[in-house]
Amino acid sequence: MLVTPLLLVTLLCALCSAVLYDSSSYVYYYQSAFRPPSGWHLQGGAYAVVNISSEFNNAGSSSGCTVGIIHGGRVVNASSIAMTAPSSGMAWSSSQFCTAHCNFSDTTVFVTHCYKHGGCPLTGMLQQNLIRVSAMKNGQLFYNLTVSVAKYPTFRSFQCVNNLTSVYLNGDLVYTSNETIDVTSAGVYFKAGGPITYKVMREVKALAYFVNGTAQDVILCDGSPRGLLACQYNTGNFSDGFYPFTNSSLVKQKFIVYRENSVNTTCTLHNFIFHNETGANPNPSGVQNIQTYQTKTAQSGYYNFNFSFLSSFVYKESNFMYGSYHPSCKFRLETINNGLWFNSLSVSIAYGPLQGGCKQSVFKGRATCCYAYSYGGPSLCKGVYSGELDHNFECGLLVYVTKSGGSRIQTATEPPVITQNNYNNITLNTCVDYNIYGRTGQGFITNVTDSAVSYNYLADAGLAILDTSGSIDIFVVQGEYGLNYYKVNPCEDVNQQFVVSGGKLVGILTSRNETGSQLLENQFYIKITNGTRRFRRSITENVANCPYVSYGKFCIKPDGSIATIVPKQLEQFVAPLFNVTENVLIPNSFNLTVTDEYIQTRMDKVQINCLQYVCGSSLDCRKLFQQYGPVCDNILSVVNSVGQKEDMELLNFYSSTKPAGFNTPVLSNVSTGEFNISLLLTNPSSRRKRSLIEDLLFTSVESVGLPTNDAYKNCTAGPLGFFKDLACAREYNGLLVLPPIITAEMQALYTSSLVASMAFGGITAAGAIPFATQLQARINHLGITQSLLLKNQEKIAASFNKAIGHMQEGFRSTSLALQQIQDVVSKQSAILTETMASLNKNFGAISSVIQEIYQQFDAIQANAQVDRLITGRLSSLSVLASAKQAEYIRVSQQRELATQKINECVKSQSIRYSFCGNGRHVLTIPQNAPNGIVFIHFSYTPDSFVNVTAIVGFCVKPANASQYAIVPANGRGIFIQVNGSYYITARDMYMPRAITAGDVVTLTSCQANYVSVNKTVITTFVDNDDFDFNDELSKWWNDTKHELPDFDKFNYTVPILDIDSEIDRIQGVIQGLNDSLIDLEKLSILKTYIKWPWYVWLAIAFATIIFILILGWVFFMTGCCGCCCGCFGIMPLMSKCGKKSSYYTTFDNDVVTEQYRPKKSV
């Protein structure tokens, strides 16, 4: 099971209990009398804890709390709250617990106790050992439940739930109604016995596991990995494997990317222009009769009031009742445009008396402020006060201003310019709604500056790169230290899968490289520990097999760790690359040819989220898709099974192709009879002229010499060979040479000759000639030897440099060939990656199309249209599954071929012509390549051909017997005719030889048997007139219109592998290596033996005598000389040796007594 059963907690009955689960992290209430059958069911009634707090005392410093009142409440505004006391509980006493309550808006439910006369305002006095649960609305009690303390000895918990306003006391339901209202406030009033723990909760859906009507386990659908997996598949039991999922509860944020860091906006300035009214009449009596002109009212924005005509008028200050009156306006009309703010503003002009006209207009509410100006007008304006209505006063200009304070309206002299500073706060690594340079959408933003900055993308003031659908793919933002590049990915990865190993949810496989992820094959793995993501750990362990879930060569264990699957037979496998040490002999009529061959042995695995591909994020489509049953599971099972079989076969392939060790045969003590196989075995070392005893008794000295040293050595062989030293001298290129080594005998001989030649002057001077001649010959030998060594060194260096050059060129050509293979495979992978990325983009388009269908049609028509889309997309997924199966079959066949190639071409020498390269196989070197293996075959191909006459066989016709036929035996070759004679030769190499009995097979007849195949036997042969193709096609494809959605158009050029030029270069390198032979000048090694001096031989003689004496003494003292008396002939011991020696005889002063003991049987 994926989840851990909570065996300590069981819900007993409907609407009667509520217990906290999972270390009190959530609570589950099943509120129905109907019990679902056993199994997992998606239910409501689960509440997850979002906040925890504690309180130790809220009764202050008093000796106890006051019973019968509600106190200590706190505002929560939550779906549920649980208030719990310590496990020992709290006593129903004012010294500890008084009241607990919950407020559901206008309804309050509480539990309390009160045993005082007149001191219980809420419940009245209760009898001893009774408690009261009550509910009241707007101060009026409407529910009472009296319970004995025998049922609840102490206060333990008080839980309130919004669903049907349920209240639980000590886990038992004590109040409910038919309303669902959130808890607004709650609290416990107590003095001691705490602390009281408050757990505020929110409502979530839950997947509950029922057994006999009782919930045994609960999984919250809260967006956690465990909740996402269980609630999407409606089960908590999962076997090991991979489970695609869709996270529809993504937290969405929003950000905007601006084109510029700041924007200047010029606002509109509204101009109001006032002028003098030339035809205005004097006002009648009373302020209400003053007529207004040119009323201008500002709405919102910026305004300019133009009073330029006032330049010919004289402003009249306020003087009691005369002139202007504007105490509420701290400005003059000349300064009204100086950036003043108003909520409302209206201006008009009028003509009235300067005496009291402004003041009375403000008092009567005609204006907020009034400004008076004199223009020398007539005194024809009537008064405005009650005693002056019939009096005439000087007429003046009155300007009415009606306003209120605020910020909707601002005055200005010029159009204002507003600068807006833009800050690009980009939210990374989460799903967001974005507005990037005016293009809106939803995506997962990642920073790709490190990988994109070196390519100078968008270097010419570009802002973004769009994909084929017109959406933003990559955009750039100017940062503090240069350009920053960001990539927009789909919010939901269609390849994301949960990994279940050992029955536990251990990780996530995704195609998105997130922080802390770990690359496994072509996916990224994120380990999950305790329901949360964790940073990656390196792979440090190898396992021989994986009993859990595996992905490629990686084994995912139940603790989430990763191990590499390495079968035991592969642990010590090391494949050398170009370490070729074999010697190949090539016939003159053949050329060495190098052929490369690439075989694919593995395939890229693809994971598709079926539900996401079909419906996108449309909830209506997903609801309709439930009618299709497990079709997605069937398609995914096909794709996943292909991946699993691919992994298993790949491991078996590597296991089966491991090179086995070869045991060296031991051929000692093997008799081959009359067959001489000495040429096949190692030649024994030839015996030297000196024996082992000579090598032991003489010191040898080796020296490098000329080829003439061998003749000199043979000439001086013998006991007195040193006398022939000068006579055995040889010539080399016209120079007399002797080996440079002189023994002691030669030195004594030549020294005595030189001394004798100097005894009598010129008479004996000729005796020095041998000494001078041998000295000159030895100097010649040394000079020539040094010259030859120098020449050989130059030849070796030149040839070695040439060989190294050819080897480097060969490795470079091989590297280029492999690089081309890498490029081809990489481009194929890039095409697949681009295809999957485009599918990700298309999923967003799918959601948009479905959403438009539901917006444009009613429910029935929309479901019909979406049903067609679902059918089409399921068909596409079926085609994908079939394609992966076909690809798997093809790759599996390629693996079988690769296995044959390794076994037949690499581990052995193939006898099949052109199976391992072109021509007859010599050697094959394997090399790892992307998704496969490259074989480099060395073979020899014909260079020249001989035109011969071939004969199938011979028909023999004896004189006195029936005729018979002979044909070549299998593998022996073919019969040929050369110059009238018949021979047999191999089919692939011209080697004519006489025909022997072992080369033929005898046939009983010279006739050939023919088998005729009738047309009716093989039914696959079809005449042209058997059926009409057009007629047959019209039956099944008649006026049928098939339209496929126009997704991204792919236009890819598939690369073709061509490395012929590199192979030609390798062949040239081989020819160059063949030419790098070294023809060195021949030298020889001369070994000269030098005898030891006389004192060495004297020491050897003394050591031999002492050894013999010690050996005789040992024989005498141990009485074991009986077998040696005749050999040594020691006469004084004969009498002792004549006696019988026994292990049981004791000697004292030679022979004193002789004791015999019984002999023991052995």
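The backbone N, Cα and C atoms fix where each Cβ goes, and this holds for glycine too.
Predicted, not measured: the structure shown is a model, and the values here were computed from it.
As stated in Swiss-Prot, the feature motif 'Di-lysine motif' covers range 1159-1162 out of the listed 235-238, 479-482, 535-538, 1159-1162. Residue ranges 147-191, 597-641, 822-866, 912-956 are listed, and Swiss-Prot annotates 822-866 among them as coiled coil.
If you compare Cα positions, N178 (N-linked glycosylation site) sits closest to N51 out of the glycosylation sites N51, N237, N264, N513.
Among the listed glycosylation sites, namely N178, N264, N947, the Cβ with the most fellow Cβ atoms inside 10 Å is that of N264. The Cβ neighbour count for N513 (N-linked glycosylation site), using a 10 Å radius and every protein chain shown, is 11. The most densely surrounded of the glycosylation sites N425, N714 is N714 (count of other Cβ atoms within 10 A of its Cβ).
For the motif 'Di-lysine motif' (1159-1162), the model gives a mean pLDDT of 38. Of all the Cβ atoms in the protein chains shown, 13 others lie within 10 Å of the Cβ of N237 (N-linked glycosylation site). Checking each of the glycosylation sites N237, N425, N714 against N947 (N-linked glycosylation site) by C-alpha distance, the shortest gap belongs to N714.
Around N306 (N-linked glycosylation site), taking its Cβ as the centre, 12 other Cβ atoms fall within 10 Å, counting all chains. Within the same chain, the residues at least 6 positions away from N51 (N-linked glycosylation site) whose Cβ sits under 8 Å from its Cβ are Y198, K199, V200, listed in sequence order. With N306 (N-linked glycosylation site) as the anchor, the candidate glycosylation sites are N237, N264, N513, N714, and the one with the nearest CA is N264.
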